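Encoded as structure tokens, the structure appears first; notes follow it.
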Amino acid sequence: MGRILRGLAGEGDLRVVAAETTDVVEEARLRHGLSPTATAALGRAMTGALLLAQLLLKTPKERITLRVEGTGPLGGLVVEADAFGHVRGYVKNPRAEVPLREDGKLNVGELVGAGALRVDRSLPSGEVYTSTVPLVSGEIAEDLAHYLWQSEQIPSAVLLGVRVKGEGEVEVAGGVAVQVMPGAREEVLDRLEANLKDLPGLTPLLRERGLEGALEALLAGLGFERTDLRALGYFQNEIPARFRCRCNREKALEALVFFTPEEREDMIVKDGGAEVVCHWCGEVYRFSPEEVRSLVAEVRCPDCGTLWLYPKGDGTLARIEGETCRCGRKVELPSETRPQA
């Protein structure tokens, strides 16, 4: 389990969110069988999403989704996080890999390639606010800082790091976001800039000094004051960070309705049932022939649970209007239920 800290620095001129996510990223690596550089890419994005959730989400039931689409061999990635420290994510090509950079570091930018970052903020009402910005470097941290400035008008410094060892297991992972508050004094910004230039890198600091030590180095001379989270029920004064998926057997079984009855019967004949793998977390669900044959014509959004297709009392099927769900996901219905041209 990881952890998230919040606080202020520079006598309130800087808002700070920091996360230690080593266990979270390692679980993602194991679940998806990620290559070392894919681990770094997804790990940075997951950590960044946790930081943005603390900075941007206004109510507990909101969620933030990062979608990175690039031309590199990774093929893109998707990450979702909430304000409670829950995060999940996946990459399109988990075993994709590229050579190390000349300095010996993982080349996340080349693995991601050129492209765009899309950020969705999903509200409890079903509304979704979406912003898209071009990728600056594909290294994730710079791209998130660029997004915060371009789309949210929030000048920020974002540091993200994932270090792997041995066969690719995660040695340390974490991140820090420093938001400049309106009216921040010039001397505070100058000190922050000087501290950033003097940093040896986030991952060496996390490995040698831990999260608190990294914050001390980054905010030296700026008087970091940690926010007391105990009033919110976090008795350790930190928010636990966990890899947590919202999939379950019911949702997995519903996914089979996207196959025709003939295709589902073929699964039963050839495989003795059906198997569904969650793309978010890699969880495998296996279903018996009886469970597969029990399917009714009902389709829900895999992300928010909204009914896309369901039987009415007269035996006809009711379909959702439009091509986009209220959460922003593209509506995909089984071929046999789509209106014929």
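From the backbone N, Cα and C atoms, a Cβ is placed for every residue, glycine too.
Per Swiss-Prot, disulfide bond is recorded for Cys245-Cys247 (among others). Of all Cβ atoms in the protein chains displayed, 19 besides its own lie within 10 Å of the Cβ of Cys247 (disulfide bond).
Neighbour list (Cys278 (disulfide bond), Cβ cut-off 8 Å, at least 6 residues apart, same chain): Cys245, Cys247, Ala252, Val284, Tyr285. According to DSSP, Cys278 (disulfide bond) sits in a coil region rather than a helix or strand. What Swiss-Prot lists as disulfide bond is Cys278-Cys281 (among others), and the listing cites sequence analysis.
Proximity of Cys281 (disulfide bond) to non-local residues of its own chain (separation of 6 or more, Cβ distance below 8 Å) is seen for Arg31, Arg88, Tyr90, Phe243, Cys245, Cys247, given in sequence order.
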